[in-house]
Amino acid sequence: MSPKMTVMLVIFFLYTTIHQLSPVFSSDPDPVQDYCLPSPHTKLCKNTSSITVDDFIYSGIKHPGKFTNKFSGVPVSASVFPALNTLGMSLVRADFEVGGINVPHYHPRATEVAYVLEGKVYSGFVDTSNKVYAKVIEKGEVMVFPRGVLHFQMNVGDSRATIIGSFDSQNPGSVKLPTALFGSGIDDELLEKAFGLKGKDIDKLKKRFRE
């Protein structure tokens, strides 16, 4: 066997071994076909004869969504863009008025890559050792938020900011801490003890974040 062939075999076996032993897996199962646009009448995929190029195009994030407290988030998942079904990815458009924030939250099923389209955004996350990684990122920059870690964003510029977030799951999930803690019905006594707050303070927070 030639030296070149020996090197190629070593590389192949190393690659195969590393990927077999690697603990890293994709968030969603690998697709077994090119695409699967769900039929509106059955749980099966639509017949390709009824699919056109327009099925693979979505225009719903050309503009910001409705703003609440200076923030707007427009998710793009398979529920609104069926072409994403089985592809293991989704998107979100986030817009911030000056001073607007995306409250601390996490995605239990996906890593997020956030790309700044416009503006300056204080962006960061907290890892499981409570270490904060945060910095102001600007137009053209990207930040990654590992799956399941708490992260946050705030517009610190003097004009509107826009971010496009990409997820490696078609259903990343989103748990917003203020709503999860004070809008979900957790017992008041537990919250008082956990945060050192009085009952009236808990009531105010619950009224604010109750959905």
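Including glycine, each Cβ sits where the backbone N, Cα and C put it.
Just so it is clear, the model here is predicted, and its values are computed rather than measured.
The following features are taken from TrEMBL:
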type: BINDING; residues: N102, H107, E112; note: oxalate binding site
type: BINDING; residues: H105, H107, E112, H151; note: Mn(2+) binding site
type: DISULFID; residues: C36-C45; note: disulfide bond
type: DOMAIN; residues: 59-203; note: domain 'Cupin type-1'
type: SIGNAL; residues: 1-20; note: signal peptide
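The binding-site residues under consideration are H105, H107. Their Cβ neighbour counts within 10 Å are lowest for H105. Cβ neighbour count for E112 (oxalate binding site): 25 (other Cβ atoms within 10 Å of its Cβ, all protein chains included). Sorting each residue of the domain 'Cupin type-1' (59-203) by its DSSP state yields 22 helix, 60 strand, 63 coil. When Cα-Cα distances from H107 (oxalate binding site) are compared across the recorded positions C36, C45, H151, the shortest belongs to H151. Annotation for H151 (Mn(2+) binding site): spatial neighbours P104, H105, Y106, E112, S123, G124, F125, V126, F145, criterion Cβ-Cβ under 8 Å with sequence separation of six or more. Other C-beta atoms found within 10 angstroms of the C-beta of C36 (disulfide bond) number 17, with every protein chain shown included. Across the structure, N102 (oxalate binding site) and C36 (disulfide bond) are spaced 32 Å apart at their Cα atoms.
Neighbour counts were taken at the CB atom with a 10 A radius for the recorded positions C45, N102; the maximum falls on N102. Mean predicted confidence for the domain 'Cupin type-1' (59-203): the pLDDT average there is 95. Listed in chain order, the extra residues whose Cβ falls within 8 Å of the Cβ center of the Mn(2+) site residues H105, H107, E112, H151 are Y106, A110, F125, F145, V149, L150, G165, P172, S174.
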